[in-house]
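Colleague: Sharing the feature lines straight out of TrEMBL:
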- 567-591: region 'Disordered' (REGION)
- 49-66: transmembrane segment (TRANSMEM)
- 95-113: transmembrane segment (TRANSMEM)
- 125-144: transmembrane segment (TRANSMEM)
- 164-181: transmembrane segment (TRANSMEM)
- 222-249: transmembrane segment (TRANSMEM)
- 269-290: transmembrane segment (TRANSMEM)
- 311-335: transmembrane segment (TRANSMEM)
- 355-371: transmembrane segment (TRANSMEM)
- 392-411: transmembrane segment (TRANSMEM)
- 486-506: transmembrane segment (TRANSMEM)
- 518-538: transmembrane segment (TRANSMEM)
């Protein structure tokens, strides 16, 4: 059964309740007809014609405004970006369809050829996401996530119930699961566990009664905890959220000669960042929603015997579950050991560096279609019918982001942005980094984190080149800021899932999410110059930065040369020019 459907059914009493009073238009007195203009207006709004037209109109206005100083391709690229972005934020067409718009807009506006833009929709990064989604479907199909959640909840429940430990166990489980699968399916999976607990509370107790306040407060804490823990867990790994994947893809697109961001290098920074935010989340939930009477009230409805009964009903782990876990564990080990350090290279050196994280992900995912399930003859762990719920809209969104990054370069828009941001040259990088995080964090509250990352990363990459600092020192804050989406339901699909249960309000989200958002900005400011250096393979602690964290003299082991004798902007703008064959022949003749 579709987990999203189960999530809604488990809380149908809340979801079906209208947010605003419903007026029955069918009881209109005879002889009174709705004005024709009102009918036309309702038709326009219902079909989203205004939202559909907003994209082409914005593109036409930008193209008619001028050619950006003799750069018509850059002007066209800016118009196409406005078109696609407006369709994203207004939901004029389905997300997958809006994400495929560059496939016809780029060739039509002369930005890139059809073959070039199509190649952006399938590379090693996309393969990594595709394989991860299939593995997540296997985990969901065999209810491995539910077994894990029930066991950890039973471990932390306590007897009598300790609400602080219960929240720690459930939120911690959500963080761990979200590290390996996308945020949205993780939220849907774990929200089933939450609704299973909340259904034990009688509805009349949530409406009125002596202990109603305690039950309502804990219900809010549980839903908010799962919703935000899923977002936080996604920061820890590359596979946890699309924003991290977009960062990896854009970094390799803009700077293909530089060392790529690997799974292990990102996790060395992302995991501590996620742990700090998780502790902030847990502390906020305990302080705001738990009192000394919460445990006493919950003990009347929750105990370990109920959880043990549900675990026993699931029975022992079957052969198929064990094999899925073996494949999952082996994939994690391959991710972590593909590329380690310069002195201790990973197993990828055996293949001359030709393999990537997507390579092993697809390889291990293929095993799911080969290993028998042990249930029926000829049945495998996975088949294509079980993959019908693949999140193609996320995959196409990532492809659109990579296509836009290519379009920025090929159209010359990056050069225009770089020259326009030159006034910031000399500004302290780690003073701008929190600003970049806050800027991205504000945009992400009104649109998805993937769309926000796609929009701001090209700007931050050019800003880094303009002020002469390593672009990752701005691109990483922009990526993290896009994931600090804790204030509004529109920020992420996971927020919509939690908000749709009916247990929380926007006020609850703001009260709980604002402290976590502030802690995230502060933690980024502290971790970026230390652990964040592992993402770009930098050498040198904070004390070697010049000035007030100004980084033009930063030493790094990657081929990007940052020192006072070089122009950082020119070194990043293009890789070193290779000599032509005729130049080599001439040099050989002179020798």
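Cβ coordinates are placed from backbone N, Cα and C, and glycine is handled just like the others.
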Colleague: Let me spell it out: take the transmembrane segment (164-181), skip the flanking residues so only those 6+ beyond its ends count, and list any with a Cβ under 8 Å from a Cβ in it.
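Modeller: Tertiary neighbours of the transmembrane segment (164-181) are 132-133, 135-136, 139, 145, 148-149, 152-153, 155-158, 187, 189-190, 193-194, 221-222, 225-226, 229-234, 236-237, 239-240, 274, 278, 281-282, 285-286, 290, 298, 302, 328, 332.
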Colleague: Looking at the transmembrane segment (311-335) and the transmembrane segment (355-371), are there 3+ C-beta pairs under 8 A, with each pair at least 6 apart in sequence?
Modeller: yes
Colleague: Which stretch, 49-66, 222-249, 486-506, tops the Cβ pairs under 8 Å count with the transmembrane segment (392-411)?
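Modeller: Ranked by Cβ pairs under 8 Å, first place goes to 222-249.
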Colleague: Counting Cβ pairs under 8 Å that are 6 or more apart in sequence, does the total for the transmembrane segment (125-144) and the transmembrane segment (49-66) reach three or more?
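Modeller: Output no: the transmembrane segment (125-144) is apart from the transmembrane segment (49-66).
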